[in-house]
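Features reported for this protein in TrEMBL:
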type	residues	note
REPEAT	55-96	repeat 'WD'
REPEAT	97-138	repeat 'WD'
REPEAT	139-173	repeat 'WD'
REPEAT	211-245	repeat 'WD'
REPEAT	268-309	repeat 'WD'
DOMAIN	364-607	domain 'COPA/B second beta-propeller'
DOMAIN	635-796	domain 'COPA/B TPR'
DOMAIN	841-1256	domain 'Coatomer alpha subunit C-terminal'
REGION	895-926	region 'Disordered'
COMPBIAS	912-926	compositional bias 'Acidic residues'
Amino acid sequence: MNFILSKYGIGQFESKSNRVKGISFHAKRPWILASLHNGCIQLWDYRMGTLLERFDEHDGPVRGISFHPTQPLFVSGGDDYKIKVWNYKTRRCLFTLNGHLDYVRTVFFHPEHPWVISASDDQTIRIWNWQSRSCIAILTGHNHYVMCAQFHPKNDLVVSASMDQTVRVWDISGLRKKNQAPTPMSFEDSFNRQSQTDVFGSTDVMVKYVLEGHDHGVNWVSFHPTLPLVVSAGDDRQVKLWRMSGMVYNSNDNHDNHETKAWEVDSCRGHYNNVSSAIFHPRQELILSDGEDKSIRVWDMTKRTSLATFRRDHDRFWVLTAHPELNLFAAGHDSGLIVFKLERERPAYQIHQNQVFYIKDKIIHIHDLNSGADQEVLSIRKLDSPYVVPRTLSYNPAERAVLVTSPHEGGIYELYHLPKNLSGSLKEPSDESKRGEGQAALFIARNRFAVFDKLGQQVQIRDLSNNPTKSFKTPGQVNEIFYAGTGGLLMSTPSSVILYDIQQRRVSAELSATLVKYIVWNADMSLVALLSKHSITIATKNLKQVCQVHETIRIKSGTWDDSGVFIYCTLNHIKYALPQGDNGIIRTLDQPVYLTRVKGKTLHVLDREAMPRTIKIDPTEYRFKLALVKRQYEEVLHIIRNSNLVGQSIIAYLQKKGYPEIALHFVRDPRTRFELALECGNLDIAIETAKTIDQSDCWSKLGAEALRQGNFKIVEMAYQRTKSYDKLSFMYLVTGNENNLKQMLKISELRNDPISSFQNALYLGDVEERVRLLEQIGQGPLAYLTAKSHGFTEIADSILAQSGKESSEIQLPSNTCELPSIPKPVVQLEDVNWPLLTVSKSFFEGAFAKEAPSSDSTNNAVTSAPAFTYDENVDEDAGDWGMDDDDDLGIPGLSSKAPAEDDLIGTPEPGQIDEGDEGGGWDLDDDIKADLDAEISQAAAQATAEFVAPTAGTNECIIWSQNSPLAADHIAAGSFESAMQALNRQVGIVNFEPLKQHFLSIYQASRISISPMASNPNLFAPIRRNPEESNIRSSLPVVVYSFENLKSNQLQQAYRLFTNGKLVAAAAQFKQLLHSVLFTVVTNNEEASTVNELIDVCREYTTGLQLEQERRAAAGDPKRTLELAAYFTHCQLDVRHSQLALRQATKQAFKLKNFNSASQFARRLLELAPPKSVADEARQIQSVCERNLRDEIEINYDQYNPFVVCGISLEPIYRGSPTSTCPYCRSSYKPEHEGKLCTICGLAQIGAKASGLRIMV
């Protein structure tokens, strides 16, 4: 039998800590308490896997721990003999219960009464009232350590286990009656009860059963929640099951009226060391136990046989508990605790159109999502073990059949046909069900389904009769298979997902995704969500990744929204993921659910009990983001107007996506509005919010942004608010506002700031004021020097006289120079703000502007009426800024509320302008002027509603590439891509790496760099081939690689290297020459023919050098060396160089006693009229060879049959044989080398089709 415990490991949550002696689940929250052997109590969130709190007040190990079922309390007991009651909200101990004389083993709350029961090594059990903080009963009778004591969940019973080898069941009904509300009682009853208690001891608690049967001490005992059963675990390595009879499960009945007895039912044997604890499964007929043999075991309660075992390698188990409501269990061991579940809680289900097919309690149900109707269809109770939940369900709508898989016995599947008539009672399978073995089974076509054998890594395709039609091995290690459309499968490997084509039996695509457990297709199967434990990968149907979302909490399920958003849930949240990569939280969950379908605001789910439910969600956020991403602005505006979409996350999202103007619409906080306004450059809202906030840092930021936009009026206001007098003065200087500079000078005097006064006097060029200031602050020498140097002789003399000095005593510099003066503005602008282009508002700014109420005209009006009236969607940023009534700057003389005569700057308010009396006249001109203005305004608004950027001038480099088809000219223009395309098209070039330096050299040499001012970037000017041409449309770039230079310099250098025997350098030079020829530009046909001849020369020399280098490398093979020497003599070289080749071949043949060949080479050498010494040597060799005209070595060489040499195999290709040619250098190759890279030029593809090299315009 395969429980999740044994199959998937025990691991929903695992903590690492000291030895855990006690554990307790919280009834509602995902919390678990662990009491440790080191004296610490830990509170864990097992769903998040985080430690929430630590409680350290016990001295020594804490063995007992328990949550209160309803109150925010828990109780603990330890080896310090103390019982402590804690409040986890306040995170402190409320009080301590003292009374035990030895270690406290266990503590538990009563489910209803304010009681705590504790078991101790002092051989007693105590019941405490935690409200009155007193002991209300002491249960004595055990004669050894009491290891465990618990209340019955419903009845007035207590069960205890002791090291005296007994289990005792106690009746506490008397204690309950005693602690109930008082009732009228006669004196006799009261006296009799008191006397009986005094003489015979307490009658509140009585021993009901003493269960004997264990051979050693008993460590744990538990009641069954509903049946009259008790389970105990002891050091005799046994788990014993006990039954009690005569029990009426009603706490109000009198138990004395029933004959009662208890007996041992059976023992569960299998542990091979002490059994620490044993509990009943709350909802199934199972028993769980753990022990010091490092194992947890699951037992069948009816058969008393072991069903599953889980072992740890090094940790002994000490305690075991069950969650009061969920299918969760926890066990404490030597190094921490584990939280696990026994059976799979995820229901097997599949969605088809508006129906959900799911399995609950081994019955197939159909749930209609529209009507909510739910119907039981078919019973599948015979599928497998009653304790194993079916794993998957696959539905075939064409045949109305389902495939159900189960992990039972390594994996099985069954094929069922659903009944056509669903009315009446629950149907059983009408025909013999078709069963087989397989880890997974799913329909892939109308009459075919696939079965996956994980052990054998094989997939079988079967028909509806369960007969195999084909099978194939998986392309790798596969963990799971999924549906991927008709004839396709998705296969999950440990590191990727494979799209497998069943018909062609090949892998169509692969996507990296770790351990995918589930997949969810959208409605049209264009997108698929691949769900792993902690990540979601969204991909197309061809497995092209769209986005990936990572989660720290385990992902449970998902479904697609109609709009294309993926909705998924984790253990504690419902979330969304947009295909563009954005994700967020929709709502929180109390318990995990399994999503089936989302329709509007209703989310259809299955809970852990396989019950269909609906959850209300708010899709506004993800629909808003989706509309924003898709640029569906009308939808965005509709959502903004009709929903309450607020929150910092939305604001941050809008800022991140570049829509601060939308975020500005949501925000009401002045500080946030101010920051957003600055971000989107909206100075209107920025100044409005700055006035509301009225803090120095806001005005500083506003001033900086306004300065960036050139709005000096706002800059002026900001500097005034922050009292930045120096910045104000400098701004007035650079804007040429001399009047305001004079006012700033007066203000500095009022502020008694001589430094600021001197600065303003310097800006104004007022020498007399500077001299006066220097005298005032006691700087007489500087005052004299200033006056003297600027020609104010009388003032200088008076300063000298006041100091008692004579002019003869003062030594001044003799050299004179012209002193710098403050530049004066040539033209005084009426509006100092920078002129701004009139641009259309964005979609949202225009929409929001229509909604906003019209503001006070005095705040937005300009000093003079504009010439044209623009459409409301046009934003004129160049308007004036008026002074508001509340702009009192607090600067003497600058307050807007001061009288006109005290206004030092003296700028008149717009409303104070005297426009004179209303004029008379016939108004004829005014009437026609108004109509004309209206028409002109409308035309101007239409013309300027959309901003059109100034048209850029024509780039001469672009004209180069348009005027010329030559690759060199395209490179000079910077169009490398088109140059490479041209070379590929003309001469089949495919390897451009060797040409990189040529590209860069041509590009750099075709332009000059001019350095202007130091702060500006360099200017680049193109260099023309025809500088006398004035029409830019006819210009061409300068020729960088001239043909004359190639022929007279580079070619001659290559010849010299060849003559001197520097073969490697010569080969590199000839190849470099071949590369340079590509970028040569000629002016006539004669030069073009010469260029083609140059290519042939380079080819022949490069081939010959390749032959000679290969000959030298093959020195150990006489036949091959002689063949290569012979081939070298047939290269079309210069006469001098042909003599070298023939001389080398003659000597080589003579040495190897190929006298016939040597004689022929000598004859050909003499025909070329070599120098006398060479000719004499050739004649001698010829005369010796003629005595014996035979060859010792037969070589592949026929001098009488013309041939060319293959550039790769270096073998002859005789005339008439098939050949393949390089389209550039025209080297020859054998046909089998077609498609390879030419080895002679190293650039072109052998056999490629080409139009021919163009080097002339």
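Just so it is clear, glycine is given a Cβ too, placed from its N, Cα and C backbone atoms.
Within the same chain, residues 102-103, 105-106, 108, 110-111, 115, 117-121, 123-127, 204-212, 214-223, 225, 230, 232, 234, 242, 244, 247, 249, 251, 255, 262, 277 sit at least 6 positions outside the repeat 'WD' (139-173) and bring their C-beta atoms closer than 8 Å to a C-beta of that stretch. Within the chain, the repeat 'WD' (268-309) has long-range Cβ neighbours (under 8 A, six or more residues past its boundaries) at 1-3, 5-6, 10, 148, 216, 219-220, 222-225, 229, 231-235, 237-241, 315-322, 324, 327, 329, 331, 333, 342, 387. As a summary of secondary structure, the repeat 'WD' (211-245) carries 0 helix, 22 strand, 13 coil according to DSSP.
Assigned with DSSP, the residues of the repeat 'WD' (139-173) fall into helix, strand and coil as follows: 1 helix, 20 strand, 14 coil. Break the repeat 'WD' (268-309) down by DSSP state and the numbers are 0 helix, 25 strand, 17 coil.
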